[in-house]
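Chemist: Starting off with a structure, shown below.
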Amino acid sequence: MDVLEMLRASASGSYNTIFSDAWCQYVSKQITATVYMYFALVMMSLLFIAWFLYFKRMARLRLRDEIARSISTVTNSSGDMRGLRFRKRDKMLFYGRRMLRKMKNVSGQMYSSGKGYKRRAVMRFARRILQLRRDNMPLEMRTVEPPAEYLEETIEGSDRVPPDALYMLQSIRIFGHFEKPVFLRLCKHTQLLELMAGDYLFKITDPDDSVYIVQSGMINVYISNADGSTLSLKTVRKGESVTSLLSFIDVLSGNPSYYKTVTAKAIEKSVVIRLPMQAFEEVFQDNPDVMIRVIQVIMIRLQRVLFTALRNYLGLNAELVQNHMRYKSVSTMSGPINSQTSQSSRQAPNGPPMVISQMNLMQSAVSGTGSSGVSVTVTRPPSSPSRHSREEHTLSDPNPNPDGSFHGTTNLFTEVHGDAPNADLFHQQQQQHSVGNLSTRRSSITLMAPDGSHSCLQTPGVTTSIDMRLVQSSAVDSLRKELGLSEEDSHIIEPFVELRELEPNVTLITEGNADDVCVWFVMTGTLAVYQSNQDATRAKQDKSDMLIHFVHPGEIVGGLAMLTGEASAYTIRSRSITRIAFIRRAAIYQIMRQRPRIVLDLGNGVVRRLSPLVRQCDYALDWIFLESGRAVYRQDESSDSTYIVLSGRMRSVITHPGGKKEIVGEYGKGDLVGIVEMITETSRTTTVMAVRDSELAKLPEGLFNAIKLRYPIVVTKLISFLSHRFLGSMQTRSGSGAPGAPVEANPVTHKYSTVALVPITDEVPMTPFTYELYHSLCAIGPVLRLTSDVVRKQLGSNIFEAANEYRLTSWLAQQEDRNIITLYQCDSSLSAWTQRCMRQADVILIVGLGDRSHLVGKFEREIDRLAMRTQKELVLLYPEASNAKPANTLSWLNARPWVTKHHHVLCVKRIFTRKSQYRINDLYSRVLLSEPNMHSDFSRLARWLTGNSIGLVLGGGGARGAAHIGMLKAIQEAGIPVDMVGGVSIGALMGALWCSERNITTVTQKAREWSKKMTKWFLQLLDLTYPITSMFSGREFNKTIHDTFGDVSIEDLWIPYFTLTTDITASCHRIHTNGSLWRYVRSSMSLSGYMPPLCDPKDGHLLLDGGYVNNLPADVMHNLGAAHIIAIDVGSQDDTDLTNYGDDLSGWWLLYKKWNPFTSPVKVPDLPDIQSRLAYVSCVRQLEEVKNSDYCEYIRPPIDKYKTLAFGSFDEIRDVGYVFGKNYFESMAKAGRLGRFNQWFNKEPPKRVNHASLNEYTFIDLAQIVCRLPETYAVNTAELFSEDEDCDGYISEPTTLNTDRRRIQVSRAGNSLSFSETEMDSDVELDLKLERKTDKSTQSSPPSNSRSDMRGKEEARHMSNWHWGVKHKDETGSGATEATKTQTGQEQELQQEQQDQGATAEQLVDKDKEENKENRSSPNNETKN
């Protein structure tokens, strides 16, 4: 009341201004009237309540008086009733009815009638009068903190293992898996060395023949430069080792080396375990398979760790290989030629002359060397003049073409007659080297020129047939020496040596090819080795390959790919006219069976080619294996190294001062971890731990410094890398980590390499679901689907045993490297395969049926226990026929607090059709040939898993938001899928409509109806209230939004959705991804002054329009995982052309300028405009960052002429947005900029090609090949997916051999398919059906062709069986007889088919069927699968 007295005093004359007195009087009257009005309203309400209670009490008294009068009347009329009594049954009836009346009153409180109903009606009326509304709050999502294991590392001690044995076990793990007896034998050779501070562990000129493991203390490893200075490479701490794997190969191959530049000195008192490398040689004599596996692991480490780190991240290519090696004299390798041969016409442009003197020929003939029985016919056509005019290729200009490409190059193994790429000499001659005739082949060799004519060593125009036995003998002798074989072993390699003469620029093998791997030996000429350019800064300018080194005569190449079993890391081409001798991969493996030690010589050949830099790096680089939960480094530790993720997944967690832990990011395969902290020399800011079993390469800081001093290009590479990372962090900094932001708002990489698929119940159609997801992923890139049956077929039935751990993990790692994503389909039980899937998965998809119970099963809880740190996402399936929308999603999420994200997937009818496994494979073999629907939920899920999601951001702007509907229609017509939607203000409304309906017609209709309601002014007038907080109460506005959406939660939307609001309680923005949809849409549309802030149901914070802080939240969408974003801005444009009025401003002057028509108008903002500009200051800054970002396509339709409240022009504004959007996307398509949004559109259907098959490129275990380890299934690599690839299901589904097909068909003859059949049987029967069709279609061709084709297939099949190892002996000894019978039966079958030359393909199949029926009837003839 002090204010009222002050105003009354001012009205009485304290102020002399008329205007002030009038204003004060008016205000005092209004306040007085308001107080009186509210007082009168309260008094009238109290009087009404008192009158109502009085009336109710009087009615009750009148009723009681009437009952009393009735009783008295009955008493008077009946006389004295004291002698009367009730019968027992009447008493029971009376008390029973009385009890029922009581119970009815109690139960009636649950309904809208009964006791208390009138009281509730009065309370509702009073609440409506006093604005005391209490809504029924819906079910809220329970916020459960992740378990401690999710953000904390595992700290477990190994008390049962002594420290020295534990450190040694961890150190020699880089050599592969050792069995316990082998490990114990190695431990016997260990020695303990005690060093004081300053003592040398080893120094220059000491023999490099030991592995050193630090048990305690610290050792400094440094290199000595030529000027006498030293540079530290790394500091070896407790548990780490000092060794060079390249020196390990030198010692085992009999060429021990010495330390030339590397020295190790103790920093403090230390105890070091010394393990001589000779101890391994003793073990390898008794276990040759262990030696071969160790050499293979070393070569794999060399290729994956050294080359990956130095090439991809430091930009070193040619610096890794010695280009100037010792030139070897190979005078007898070119063979005898005619004395009249013109040297000038046969001399290569850059190679040595291909001429051998007659003296060398006579000397070789007298010495008796040669290969008897081998004759070579060599012819040569006239060479073209252009061949001699070709430019010389040097290191400075390696490319023959002016544009830097190799357009004119040809492949050595391409067919000489025609251009068919699938028919090549390499694969044609594979059929000539089958297992049966490799050891006995003594055929004549014809040197063919690439143009299809015979090659000759004479003058052009002269064709002569000469004896080339000396050339063959010289090639055999040279390759024998390179492989470390004695002269007595010449007969072993002699049948496998082949000769070729190459024209310039003939490609022997391309980078990434695993089919044409050979060991090539250069006899004359030169080979050039290239590698693709990995420099990201030059990728758009220089597409040519980079020259690495030359291979001169007397040198060998191809050993690295041969030993690793992986694809070739280089492209090899002939630089000039070159003659080579080579041995194919299959032949090398057969030689290994007889002489396993050739792997040492092959490895030594690879090591000799490497530069001294690689050997120094080999001392510094470490290969680290981390189990799930183990920490790479911890927060606040010193940063002296960086790490490269080779496989697995890492998680970075920060611990705040209060002890709270938060996820900072996640790293996948190929990411660099800890590089910024190491370069800036700061302590670790986070703790990085392994989410699953991972492999890392550790690069110490000293190695970086040493390489930077020698090769300055590394600095440029690092600057480029850090610049991209810094720019990316700047773009994602805003919006992340804000209060109220979900966990997904952290900069976590949503790109996964391995995905595990787990069914909740047995009712989930897991196989069709995996097929559909596979189909959608094929449109993005190479993908692989693995099941337990597929792995058993490929690697054997005992592959899940502990003894085969190395083989299984290596095979899976290789498959993951070849594909952008690998799908692991788990079993329906907790089997060994399911546990392996959990260990391999980057993310786990828990698949359930959305219309079934949400309860958690026991199997699901076990999965969460096995993989606590792995991210888990829920996938709910809905049948398309039911037309049902997602509901009750919150119950699913509350029951599974470990789920971080959910997906709703609408499934077509074929997914839920109950079919046998065979029919499912048959169905999807046809589905795979079709184009996947890029707008389906499966494609949306596929893009999310691969990090290619497309986000749509709709900005605020009032009635101008109708343009969003037109833009949505234009986006749909342009073929752009929408995977995520976010909106603010009117954009939140339109985006929520699209996520809920996904039909442009329904969305347009609902948006139009809502806009019409906003034009009904009489409803708005009824919503007016006293303007203390806002002009409107918001009741009618809430009703319009609630009628549009209903009681739907954000979790129940088909498409992931978020909206943004301004939290004026905490002075920040809030991102809403769950909760009541209409409430948060209403909050995001609450314009200050017009609508009151909405109270957040979760914590009561006041929420206003999100446009005040971010009117176009494209940055938030990017943080949530969208890779490509379309942002549509419909906000108002502020006028920036304002009048400069000087230092002061008079309102009278503005009023004069406004009303005087003879003066020029001025542009000065008024009070509301200034308040609006102040409110949108942060929004404007955020909008400028979005416009300048590289991940966002900013679009603004021409809708500036429409006002914010022009809701009546809905159709007109929508048409403007549609026309503009259609033209905009058409122009983008013409300019080629639309590809990143619809790059899956109009793409050819995924076709299964031979090179992508599991069988044609898989992990090769040399130890298994050499030692013939037992396998259950012999996989046919030559014929798999060749004939029936168009209807055979997924490319990752290997089938069985033809003999197995026929046998399984016979065993199932006469039986119908059932739902319990396994996938293995189903694939076989499908292949049999397709094989019959293929055989029938070949009847029209000549019988000779059919016989030759079948003979070639059988030879390829036997080659494949030899390649992968034939099962000849069971582990228990019981399988030897069965395996022998199986092999004998296959040979007899092949001989019988070759004898039946007049039979057609159909007759052969029928004959095999009859023979198998007879074998089935006889127990002694059965074969074991």
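Every residue, even glycine, has its Cβ placed from backbone N, Cα and C.
Below, the features straight out of Swiss-Prot:
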- Asp1105: active site, proton acceptor (ACT_SITE)
- 174-301: nucleoside 3',5'-cyclic phosphate 1 binding site (BINDING)
- 482-609: nucleoside 3',5'-cyclic phosphate 2 binding site (BINDING)
- 598-727: nucleoside 3',5'-cyclic phosphate 3 binding site (BINDING)
- 952-1118: domain 'PNPLA' (DOMAIN)
- 956-961: motif 'GXGXXG' (MOTIF)
- 1-34: topological domain 'Lumenal' (TOPO_DOM)
- 56-1425: topological domain 'Cytoplasmic' (TOPO_DOM)
Chemist: Looking only at DSSP and grouping its letters into three states, which state does Thr578 (nucleoside 3',5'-cyclic phosphate 2 binding site) belong to?
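Modeler: Its secondary structure by DSSP: strand.
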Chemist: Can you name the far-off residues of the same chain, 6+ from the ends of the motif 'GXGXXG' (956-961), with a Cβ under 8 Å from a Cβ of it?
Modeler: 983-990, 1011, 1014, 1084-1085, 1105-1107, 1111, 1129-1132, 1199, 1202-1207, 1209-1210, 1213
Chemist: On average, what pLDDT score does this prediction assign to the topological domain 'Cytoplasmic' (56-1425)?
Modeler: 72
Chemist: Which one is it: of the recorded positions Asp286, Glu482, Met562, Asp1105, whose Cα lies the shortest distance from the Cα of Ile598 (nucleoside 3',5'-cyclic phosphate 3 binding site)?
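Modeler: Considering only the listed recorded positions, the nearest one is Glu482.
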Chemist: Helix, strand or coil: which one is Glu666 (nucleoside 3',5'-cyclic phosphate 3 binding site) in, per DSSP?
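Modeler: DSSP assigns Glu666 (nucleoside 3',5'-cyclic phosphate 3 binding site) to strand.
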Chemist: Using Tyr530 (nucleoside 3',5'-cyclic phosphate 2 binding site) as the reference point, find which of the binding-site residues Lys238, Ser270, Asp286, Arg649 has the shortest Cα-to-Cα distance to it.
Modeler: Arg649
Chemist: What whole-number Å value do you get for the CA-CA distance of Glu666 (nucleoside 3',5'-cyclic phosphate 3 binding site) and Lys238 (nucleoside 3',5'-cyclic phosphate 1 binding site)?
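Modeler: Approximately 28 Å lies between the Cα of Glu666 (nucleoside 3',5'-cyclic phosphate 3 binding site) and that of Lys238 (nucleoside 3',5'-cyclic phosphate 1 binding site).
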Chemist: Sort Lys238 (nucleoside 3',5'-cyclic phosphate 1 binding site) into helix, strand or coil using the DSSP assignment.
Modeler: coil
Chemist: Taking only the recorded positions Glu498, Ser683, Asp1105, which one has a CA atom nearest to the CA atom of Ser270 (nucleoside 3',5'-cyclic phosphate 1 binding site)?
Modeler: Ser683
Chemist: Which of the binding-site residues Glu498, Met562, Arg649, Pro700 has its Cα closest in space to the Cα of Thr190 (nucleoside 3',5'-cyclic phosphate 1 binding site)?
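Modeler: Answer for the nearest of the binding-site residues: Pro700.
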Chemist: Using DSSP, how many residues in the motif 'GXGXXG' (956-961) fall into helix, strand and coil?
Modeler: 4 helix, 0 strand, 2 coil
Chemist: In angstrom units, rounded to an integer, how far apart are the Cα atoms of Asp286 (nucleoside 3',5'-cyclic phosphate 1 binding site) and Ala514 (nucleoside 3',5'-cyclic phosphate 2 binding site)?
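Modeler: A Cα-Cα distance of 32 Å.
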Chemist: Among the binding-site residues listed here (Gly254, Pro700), identify the one with the smallest other-Cβ count within 10 Å.
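Modeler: Fewest other Cβ atoms within 10 Å, among the binding-site residues Gly254, Pro700, is found for Gly254.
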Chemist: Across all chains shown, how many C-beta atoms besides its own are within 10 angstroms of the C-beta of Arg615 (nucleoside 3',5'-cyclic phosphate 3 binding site)?
Modeler: 21
Chemist: In whole Å, note down how far the CA of Arg615 (nucleoside 3',5'-cyclic phosphate 3 binding site) lies from the CA of Asp206 (nucleoside 3',5'-cyclic phosphate 1 binding site).
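Modeler: Approximately 16 Å lies between the Cα of Asp206 (nucleoside 3',5'-cyclic phosphate 1 binding site) and that of Arg615 (nucleoside 3',5'-cyclic phosphate 3 binding site).
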Chemist: Can you tell me which of the binding-site residues Lys238, Glu482, Thr578, Gln594 is spatially closest to Arg649 (nucleoside 3',5'-cyclic phosphate 3 binding site)? Compare CA atoms only.
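Modeler: So, of the listed binding-site residues, the one sitting closest to Arg649 (nucleoside 3',5'-cyclic phosphate 3 binding site) is Lys238.
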Chemist: Measuring Cα to Cα, tell me the gap between Pro700 (nucleoside 3',5'-cyclic phosphate 3 binding site) and Glu482 (nucleoside 3',5'-cyclic phosphate 2 binding site) in whole angstrom.
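Modeler: Answer for this pair: 36 Å between alpha carbons.
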Chemist: Between Ser683 (nucleoside 3',5'-cyclic phosphate 3 binding site) and Tyr222 (nucleoside 3',5'-cyclic phosphate 1 binding site), what is the CA-CA distance rounded to a whole number of Å?
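Modeler: With the alpha carbons as reference points, the distance is 23 Å.
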Chemist: Which one is it, among the binding-site residues Tyr222, Lys238, Gly254, Arg615, Lys717, that lies nearest to Gln594 (nucleoside 3',5'-cyclic phosphate 2 binding site) by Cα separation?
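Modeler: Minimum Cα distance from Gln594 (nucleoside 3',5'-cyclic phosphate 2 binding site) across Tyr222, Lys238, Gly254, Arg615, Lys717 lands on Gly254.
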Chemist: Distance between Glu482 (nucleoside 3',5'-cyclic phosphate 2 binding site) and Lys238 (nucleoside 3',5'-cyclic phosphate 1 binding site) at the Cα atoms, whole Å?
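Modeler: About 41 Å separates the two Cα atoms.
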Chemist: Among the binding-site residues Tyr222, Tyr530, which residue has the fewest other Cβ atoms within 10 Å of its own Cβ?
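Modeler: Counting other Cβ atoms within 10 Å of each of the binding-site residues Tyr222, Tyr530, the minimum falls on Tyr222.
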